[in-house]
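Encoded as structure tokens, the structure appears first; notes follow it.
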Amino acid sequence: MESLTLQPIARVDGTVNLPGSKSVSNRALLLAALARGTTVLTNLLDSDDVRHMLNALSALGVHYVLSSDRTRCEVTGTGGPLQAGSALELFLGNAGTAMRPLAAALCLGSNDIVLTGEPRMKERPIGHLVDALRQGGAQIDYLEQENYPPLRLRGGFTGGDVEVDGSVSSQFLTALLMASPLAPQDTVIAIKGELVSRPYIDITLHLMKTFGVEVENQAYQRFIVRGNQQYQSPGDYLVEGDASSASYFLAAGAIKGGTVKVTGIGRNSVQGDIRFADVLEKMGATVTWGEDYIACTRGELNAIDMDMNHIPDAAMTIATAALFARGTTTLRNIYNWRVKETDRLFAMATELRKVGAEVEEGEDYIRITPPLTLQFAEIGTYNDHRMAMCFSLVALSDTPVTILDPKCTAKTFPDYFGQLARISTLA
């Protein structure tokens, strides 16, 4: 297996221009495809997950022109539901941001489409979304295991009253919201259980509004979406930088700055993961905000005990930043780590112990006490981009670290290690 050994980093300082947000890129691509008119997306993320969405749209007959660096995309909208000419199978890798929204969008009209993906995708639950779509009339079959992809979709979603469980993934609600305006009837979506990762719903609502569709949001408990609508292209849309990707550089600044500035997001960002910077501030770092940047300067870091449900992806970065904080850090209410690219609670606990931390892994929390000195380790990445990026922070100590399968960062950030090296001074 390929590996990358990072030598100890004495200091980080500089500016990182963030690649486009994965969450925003894939939502914007789908809405642009469904909309009337042509949309030019700029700062689109070039990564595996976005390529899976682009390939699927292409197979569905959507016409787009992609620039040579794949960050500008001109999409010719279809002005309504996506219709496949014939029976089709779409392979979506391990891209939840393609699988879930497409599963809903392709239940509009009359298609015969199979959605499948990598082995791990077949372990990521989708039953709550399927249940909700079926309540709205969709014809969906599980081809292998009940409640998991691959799925066969044969249209039929007409709207009406649907209830969706919000406790596992906000992507199920996102998928329903984006498809519902194109259903023939109004859709009333009721949330069952606690809605996790709520800020991701705000991204969805913001993008729908950008494409001309407003949703009545009743305190995140009920959402009313008028049917028979059409998305309208906004013309041009700039995809903001990826706030989850920003977390590694901001944390590096907190641990070994200097000052690290990330551009492409700022105080008015639509992504909830910018709140990650508040957590670093709480731990003792200095954070400054601009319209188009966030900067983080080193501070004496202290442990925290916090509910991280609002920023599950960025919270992983706090788990490795905790290695550099005084005291025991507890991250709570993160059960949904278990249903991501890998079981992230198990993976994080296992790898943190390798570098010498004392770790308690709960069903939905993790408690981390750092060692006096970090130990050298080979870090398994579980084909999970965030594991690779999180554990690169170990090099901000006096100890090198080896990352196995470093190319798994291609899911969201192909040039991550290059960007980290650019702002690093080796010990």
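Here the Cβ of each residue, glycine as well, is placed from N, Cα and C on the backbone.
Features as listed in Swiss-Prot:
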- Lys22, Ser23, Arg27, Ser169, Ser170, Gln171, Ser197, Asp313, Asn336, Lys340: 3-phosphoshikimate binding site (BINDING)
- Lys22, Gly96, Arg124, Gln171, Arg344, Arg386, Lys411: phosphoenolpyruvate binding site (BINDING)
- Asp313: active site, proton acceptor (ACT_SITE)
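The shortest Cα-Cα distance from Ser197 (3-phosphoshikimate binding site) to any of the recorded positions (Gly96, Asp313, Arg344, Arg386, Lys411) is found for Asp313.
Neighbour density at the Cβ, taken as the number of other Cβ atoms within 10 Å, is lowest among the binding-site residues Lys22, Arg27, Lys411 for Lys411. Around the Cβ of Arg386 (phosphoenolpyruvate binding site), the same chain contributes Ser244, Asp313, Met316, Thr317, Lys340, Glu341, Arg344, each under 8 angstroms and 6 or more positions distant in sequence. Of all Cβ atoms in the shown protein chains, 21 besides its own fall within 10 Å of the Cβ of Arg124 (phosphoenolpyruvate binding site). Put simply, Arg27 (3-phosphoshikimate binding site) is 11 Å from Gln171 (phosphoenolpyruvate binding site) when counted between their Cα atoms. DSSP assigns Arg27 (3-phosphoshikimate binding site) to a helix. Taking the C-alpha positions, the distance from Gly96 (phosphoenolpyruvate binding site) to Arg27 (3-phosphoshikimate binding site) comes to 11 Å. Its Cβ placed at the centre, Arg344 (phosphoenolpyruvate binding site) has 25 other Cβ atoms within 10 Å. The maximal spread of the 3-phosphoshikimate binding site, taken as the longest Cα to Cα distance among Lys22, Ser23, Arg27, Ser169, Ser170, Gln171, Ser197, Asp313, Asn336, Lys340, is 21 Å. The two recorded residues, Asn336 (3-phosphoshikimate binding site) and Arg124 (phosphoenolpyruvate binding site), have Cα atoms 11 Å apart.
The binding-site residues listed here (Lys22, Arg27, Ser170) include Lys22 as those with a Cα within 10 A of the Cα of Lys411 (phosphoenolpyruvate binding site). Ranked by CA distance from Arg124 (phosphoenolpyruvate binding site), the binding-site residues Lys22, Arg27, Ser170 have Ser170 at the top as the closest.
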